[in-house]
């Protein structure tokens, strides 16, 4: 079940159409994941350079296979969906991102493209504004009659988050515009950022108070702006540079340079390093100057932006997909340094992923002391042939996560041996397996691995699992730290152990007689649990709510399920000759190889089985309810939408599934029924557009009750 090492990615020119389709899907999913982490969670996990390389490969695939381009492709999108934590604001003019240039040649080609598009003669001048590219959070400010009325983040480019109240606390953002010639509607756009000095001071305060430490100034600025508590934003030293605009009822200027100067007169801070250039050579000289002075600047930048100066030419040039033709970002090369890799450590994440980390002889990269760097995964170690004791090149790009770029092989010590990636978890000793098609090796000790314990316990008591009232994330952390709940079974022995303990739970801060009695009662109320909930609670990789129900319905009882998995796990080592139990598992509709392998891997780890057996001594597992094949909705696809009054959404879903229906979260041509409650929205609209049958709650009940 473990996969072989992956080969380096083939050149795009070598891809067949079928391979390109698979590669395009992989790149789109990976880019979407990184967009969400960057734009929504303010917690990027790859460097700017690594992200840019994904974008470049996607663009190359789409250039060779243009039929793969869809409206959902990352090349057609900007940013990520706005967070649900904030109200949304629709941008009157989309907030698009910029195309990137990574070399002098690409900058020269940008200028040549502009000249060709505008049909400029060889001697006709082309003025271009150049300015540092601030590494912060894009923001749009809307003024009506000179007064600030709202502020929104970029979001997905078309719809952003309403952060008006928070933005009003930023000193660089005027509440009322100054001067004359102010348009009735004026949208000013720019970047929220934080000075490096302020970032370091903030992180020290965060550390002293035990709060979250930010990775870099960009993350701290984004996280500070996107606070639900306005007082927190007000306490953070946020700044704002204005450099662009959205909807304008009248234009105060005719050039980019004059517009930015008008922003300054209106009361905004603007970047004093903005200049006007007349040719490619001047652009590149400016780029070198800013690159040289980068470390001395008080704020982070990740490149230089070039914009055609004349606004009428900007209008003629227009846009292509997700970016304007009249502007481009000239990105800096990643900052690098050379040092010795002293040791490779393996860290185990909360999902069981084994991640290699390089421990380095301390080296300064871009003004920051680096002692650790990511090695990504075992394939990267093998591909670069990274060994302990090697002299390596370290790169920091975008101030995110340092990484090992390459090995200086002529400095390799004679005793250095190829690194052997562990096949067991360094924390708990369980098997570490790598699934087909994945780069990550994972610990299979789901129930017993300390590195995964807290997240597994939180999952175990979650709403779709044991759903124990009063035992949430906070309590799980507290009880784990106090060594009161280390494994699932400890939840159900907590009351018994507390009765004989010297330090009673009721004497702990935040607890008392009543709260402890209520907690123990809530735990006892969950000693009887449905089979599908138990299977879901085990936290087996790839086994979500839906697959847990499929497994429960197929095996019926916990005894049948355990016996079948024991047989399948026992025969696991017989390559090419799966047991009858494994074949039966794999044949369940909706399960397949990936889920089947994950379930068998779980039961192949003896300590998981031992932990489950201990748990079963404390609980009663109810047999699965059998699906009715003769009901009126058996085999039908149903969508519930709006506010239901006769039952909860979960009750409606469970009832429909017991009757053999498939419950979906979205409406499509394959949907048979949409059950619409009060205030039904877009799903109801789409159902009517597609001609899908729409039922009220009463009509639904009449249908299923015959």
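All positions are counted from 1 along the displayed chain.
Keep in mind that glycine also has a Cβ here, set from the backbone N, Cα and C atoms.
According to Swiss-Prot, the protein has these features:
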type     : residues                                            : note
ACT_SITE : 133                                                 : active site, N6-AMP-lysine intermediate
BINDING  : 48, 49, 50, 51, 52, 97, 98, 131, 154, 191, 307, 331 : NAD(+) binding site
BINDING  : 425, 428, 443, 449                                  : Zn(2+) binding site
DOMAIN   : 628-706                                             : domain 'BRCT'
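Mapped onto this structure are the features recorded in Swiss-Prot.
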residue	record	contacts (Cβ under 8 Å, 6+ apart)
52	NAD(+) binding site	100, 102, 331
98	NAD(+) binding site	305, 323, 324, 327, 328, 329
133	active site, N6-AMP-lysine intermediate	301, 302, 303, 304, 305, 329, 330, 331
307	NAD(+) binding site	128, 129, 131, 256, 314, 326, 327
425	Zn(2+) binding site	348, 352, 354, 431, 432, 443, 444, 445, 449, 451
428	Zn(2+) binding site	443, 445, 448, 449, 450, 451, 607
**OP:** Tell me the residue counts in helix, strand and coil for the domain 'BRCT' (628-706), as DSSP assigns them.
**Re:** 27 helix, 17 strand, 35 coil
**OP:** Averaged across the domain 'BRCT' (628-706), what pLDDT does the model get? Just tell me the whole number, please.
**Re:** 85
Original post:
Highest CB neighbour count within 10 A among the binding-site residues 443, 449?
Top reply: 443
Original post:
Which residues, in sequence order, are found in the same chain with Cβ within 8 Å of the centroid defined by the Cβ atoms of 425, 428, 443, 449 at the Zn(2+) site, excluding those residues themselves?
Top reply: 348, 352, 426, 427, 429, 430, 432, 444, 445, 448, 450, 451, 452
